[in-house]
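Noted in TrEMBL for the protein shown:
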type   : residues : note
REPEAT : 171-205  : repeat 'PPR'
REPEAT : 206-240  : repeat 'PPR'
REPEAT : 241-275  : repeat 'PPR'
REPEAT : 276-310  : repeat 'PPR'
REPEAT : 311-345  : repeat 'PPR'
REPEAT : 346-380  : repeat 'PPR'
REPEAT : 381-415  : repeat 'PPR'
REPEAT : 416-450  : repeat 'PPR'
REPEAT : 451-485  : repeat 'PPR'
REPEAT : 486-520  : repeat 'PPR'
REPEAT : 521-555  : repeat 'PPR'
Amino acid sequence: MLRPSSLRSTSSSRVLFFSSHGVARRPLASAPSPLPPPEWIEPFLDVSDLTHHRGDPRNPSPWFPRVVSLVLASAPGSLPSDLASFCRRFLIRLSPAFVSHSLRSPDLRHRPDLALAFFRWAATQKKYPGHHLDSYVALIDILSSSDNTETSRIKELIAEIRARANLLPAAPSAATSLVRSLGSTGMVEELLWVWRWMKESGVEPSLMCYNCLLDGLVNSMFVDSAEKVFEAMEATRVRPDVVSYNTLIKGYSKVGRTQKAVDRFEEMQEKKIQPDKITYLSLMQCHYSDGQFHECLVLSHEMEEKGLEIPTHAYSLVISGLCKEGKPFEGMAVLESMVRRGCKANVANYTVLIDSFAKSMNEDHAMMLFERMKNDGLEPDQVTYGVIINCLCKAEKLDKAMELFKFCKENDVLVNAIFYSSLIDGYGKAGLVDEAQGLFNEMVEHGFVPDSYCYNALIDAFGKAGRIDEACALFKRMEMEGCDHTVYTYTILMDGLFKKHKNEEALKLWNMMIDKGITPTPAAFRALSKGLCLSGKFTRACKILDELAPMGIVPETAHEDMINVLCKAGRFEQACQLADGIIGKGREVPGRVRTIMINALRKAGNADLAFKLVHSKAACRQQ
């Protein structure tokens, strides 16, 4: 008979017992052995004792892809329970380094909700020592890079970091990343706190950290603070580089301190820090914003001489600046140079040149550029078509303008109020008032809101056509619809009212303009003085002239214009009175004015008085 001991299994802790009859009895139940404690897993495996490869001996942990995949597959609400179940099953815990490395996974970068849920769950693990600063920085970077920056969440994380003041000395390199992330979100208060925290903790900022801080302050328009940081930087062992200077010059450009930018530009060259294309571009932006367009051209020539690449935007600034100065041919020369250097012109470059040629009444060059642009494979946009239609209207080629307008509507080019305004102005100036009014009504029907320019164009058309009542009705409509009356609105309507001999209404309009605080222009005074002189209100015109003279509004030719109008109307006595008034103030009657009066008197058959006027400065008094 076999002994029980001979049947004990060497691979099992259980023992089978048999009775004397050979029948097996149920084995005795043994107490369950306790599970081993969960293991803290790191993001890398240390196999330094198993390999002789040079370099970093650590290999990625096989747990890393499994944990990240689990996080991505879970919903934010169920993620804590999913992770807890996973870790219980495999008897693991995620170390702070593992959490930090996981948060830097590219797959989590676009899922800030899951990254935050993962971060919060990790801190609940039993005996978890607390997040490293790297984990906070990685999460803040994710939150600041998302489409909707969650500043409130970031503020919470910064508050947690502030409560753990011992984090920074343990990870000084993470401070730079934190500064960069906070700078990108415009959280200046938190950004400056990190800066002070570094100083108080004895952590010396690196050059990159300084540059990230400068960039964050400049982007938030704290240029004075950036300047102080720059000066503090110069006092340390870390010296500003070209990036530091570029950032500060960009800041000066943002706040319009052009001279400061120029001073820094000269300073960096004195310190043998060579400006790069970004330096020049930032400085050109400064000059362009300040209206110093010639300086942009000078800087572009300097870039060419140094062999620097000229960015497309730099060319655009130069071309646009020359066009603003009314120099389209010089702008065209820059475009040709740009193309020769292998930099392709864009739609904006062509459009600004076309507009400049159109404004200088050079329709041929404008249309030539338009065709060249299309031949270069560039599709004109809404702005380009608007400029071309306006150009054709100014050139009185209304049929071509309307043809292009219809083309735009039929080919899904979004037309806007500018298209209609150009056409209304063109048809109005051509005397086709009904067509202009039809376009205005069509514009309103399509949901476009007319602006002051559009209203003024139609009011001017009505006034020139003698339809002054319709012009006045449109003037009132502007007010009801909340569209501001401009000085031009008052000028053209006054001119129309005087032509229809509605002198009192025109005068009321002038007074209304003054009461509203709208400063008259020389053109407005010219329309008023002419109307008053022709309507026999010569004295009133002279009084207004005297009132406006101290304001510098009266044009230099005001007296000449008034005398000319009076002479043409045959009112020589009033013309002579006005000339006497000039002499009475100790001035001479301008030579051109005397010529106008002499010619008018001769045409009127008053040769004797004309002869006396030739030989006497005050001959008018002898009439």
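In case you wondered, yes, glycine gets a Cβ from its N, Cα and C as well.
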Residues from the same chain, set at least six apart from the ends of the repeat 'PPR' (241-275), whose C-beta lies under 8 A from its own: 207, 210-211, 214-215, 217-218, 221, 223, 226-227, 230, 233, 282-283, 285-287, 289-290, 292
DSSP residue counts for the repeat 'PPR' (451-485), split into helix, strand and coil: 26 helix, 0 strand, 9 coil
Counts by DSSP class (helix H/G/I, strand E/B, coil) across the repeat 'PPR' (346-380): 26 helix, 0 strand, 9 coil
Cβ-Cβ under 8 Å with the repeat 'PPR' (311-345): same-chain residues at least 6 beyond its ends: 277, 280-281, 284-285, 288, 293-294, 296-297, 300, 303, 352-353, 355-357, 359-360, 362, 365, 369, 376, 378
Model confidence over the repeat 'PPR' (451-485), averaged pLDDT: 93
Within-chain partners of the repeat 'PPR' (276-310) [C-beta distance under 8 Å, separation at least 6 from its ends]: 242, 245-246, 249-250, 252-253, 256-258, 261-262, 265, 268, 317-318, 320-322, 324-325, 334, 338, 341, 343
Beyond the flanks of the repeat 'PPR' (346-380) by at least 6 residues, Cβ under 8 Å: 312, 315-316, 319-320, 322-324, 326-328, 331-332, 335, 338, 387-388, 390-392, 394-395, 397
Within the repeat 'PPR' (416-450), residues counted as helix, strand or coil by DSSP: 26 helix, 0 strand, 9 coil
